[in-house]
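First the structure, in the form of structure tokens, and then the observations on it.
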Amino acid sequence: MMRAVWEALAALAAVACLVGAVRGGPGLSMFAGQAAQPDPCSDENGHPRRCIPDFVNAAFGKDVRVSSTCGRPPARYCVVSERGEERLRSCHLCNSSDPKKAHPPAFLTDLNNPHNLTCWQSENYLQFPHNVTLTLSLGKKFEVTYVSLQFCSPRPESMAIYKSMDYGRTWVPFQFYSTQCRKMYNRPHRAPITKQNEQEAVCTDSHTDMRPLSGGLIAFSTLDGRPSAHDFDNSPVLQDWVTATDIRVAFSRLHTFGDENEDDSELARDSYYYAVSDLQVGGRCKCNGHAARCVRDRDDSLVCDCRHNTAGPECDRCKPFHYDRPWQRATAREANECVACNCNLHARRCRFNMELYKLSGRKSGGVCLNCRHNTAGRHCHYCKEGFYRDMGKPITHRKACKACDCHPVGAAGKTCNQTTGQCPCKDGVTGITCNRCAKGYQQSRSPIAPCIKIPVAPPTTAASSMEEPEDCDSYCKASKGKLKMNMKKYCRKDYAVQIHILKADKAGDWWKFTVNIISVYKQGTSRIRRGDQSLWIRSRDIAXKCPKIKPLKKYLLLGNAEDSPDQSGIVADKSXLVIQWRDTWARRXRKFQQREKKGKCKKA
């Protein structure tokens, strides 16, 4: 009963699709027509919704490649009719060069007029194992509802329908018809269809009767009997099953009366051929619910007019920059439109990341690429290193990020606070870009410590806070004139440095001077580096002015290595040579330094 219903349905659809009035059955819910809407892909509120192209006869007007056509050369064929038990034959000439007597493949897909049938016809008696094939290219992927053939000759005894999803490169069976399924196609007869095999072709003996001798119909419904047809939206298996780019019909064996081997077999054999008046493939352009029509592109190829931010011939991918969630087919419940990446107008490209999508609760997985306008981050939502947010402009503004402009000497790095723009300043440096010394600090010539504390100088020297010992003259002899430095003195000392006295502090039996070492001319085994260090001198040496030094002055200091109280400073005593700095010392000290490298100190 069900097969009869489907056969009648397919026949009605074949006629109705020519005038655009096809109605689907219960198993064809995916092909249900839509009422005319201003925008089929959006609802009355402008929200996306599933839309599908019109149902059409995809074969209409298309070329069909056939393996056999009568009339080349002209040949006789006979039409069999029955009057009671008597068979009558009316013979004619098939001649491809005469339009009135030709039966070309174009008649398969022309307008089917029941009152003026046009029939394609094969050569006579191409019997098994020879077959005749009809191959139809649909031009793009379609979701096929049915394939129907109306015959001018008796229907074949065995016939197969195939489909291709890759434009004819490979073929898979769609349906088999035969009274001997196992012998002809190695298939069981009317095998039950379950969810496990609903994507497989079955073989049936329906539609294989020889009668009627003309006008018989074979109609194959792609979803008839498939268990998941009622839930097509959620069945990728059936969505794939109904998809085709090409359809092929293979006629495998003719029906005969068994008289082809009798004495008048030539006349009988001229009565056996395949003739079809109409080939129809009912279905819709496959657009996955994201287009309401198919159009011709610049290459004259048939493609979907994609909506919902989708792209591709079948709207089977998201269009560029709309990768915030994965592509999905539209359903009756959800349009599943593609969503643009959120890049705050600072990027033109993005990619999809499944891990981020899952972590977001399946809401957002887009990652922006090549953020512009000095922005960075997954959404180009913060400023890149070396820039900070201008809070007076929205993040979408081209100039939302301003350069830090951190001072190359005063700042400890090139990055700044993303909110305030404050650069990280070195000790004693202040300002949003670290471009000036803080209160209580003064500028130095050192790029390492550009600002140093202003020392609080004692009234005269450090020795003023301590009475001069009575035996000072016997302890050391303070210099009372200009000191001279020569190569011999240079070589006798362990270190030679240019220092700037910053401040002095009493520390028990010692005076601790904070000095800035400007240049190192000799260091021996001492680990003396440029920058701020401690200079330790015993209180007795200071009291006896051996050596005599004053804060805020610059000196050339030559001394011997000795352990200091803090293990990181240098020590000077009465034997040290302390000379007030003059710029000429720099040239002389470098000269001594070069001679030392040449081994002159050993000779001295």
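Cβ coordinates are placed from backbone N, Cα and C, and glycine is handled just like the others.
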Per Swiss-Prot, cysteine bonded by disulfide to C285 (from C294, C306): C294
C380 has a disulfide partner in Swiss-Prot; which of C371, C383 is it? C371
Taking 47-284, 341-403, 404-453 as candidates, which has the most Cβ pairs under 8 Å with the domain 'NTR' (472-601)? 404-453
Of the disulfide-bonded residues C152, C294, C341, C416, C451, the one whose Cα sits nearest to the Cα of C406 (disulfide bond) is C416
If you measure from the C-alpha of C285 (disulfide bond), which of the disulfide-bonded residues C304, C306, C350, C404 fall inside 10 Å? C304
Mind looking up the mean pLDDT for the domain 'Laminin EGF-like 1' (285-340) in the predicted model? 96
Neighbourhood of C152 (disulfide bond), C-beta criterion under 8 angstroms, separation at least six: L117, C119, Q121, S214, G215, A275, V276, S277
Express the distance between the Cα positions of C437 (disulfide bond) and C404 (disulfide bond) as a whole number of Å. 18
Any idea what the Cα distance is from C368 (disulfide bond) over to C425 (disulfide bond), rounded to a whole Å? 33
Is it possible to get the count of other C-beta atoms within 10 angstroms of the C-beta of C318 (disulfide bond)? 25
Taking each of N116, C318, C341, C343, C350, C416 in turn, which of these recorded positions have a Cα lying within 10 angstroms of the Cα of C287 (disulfide bond)? none
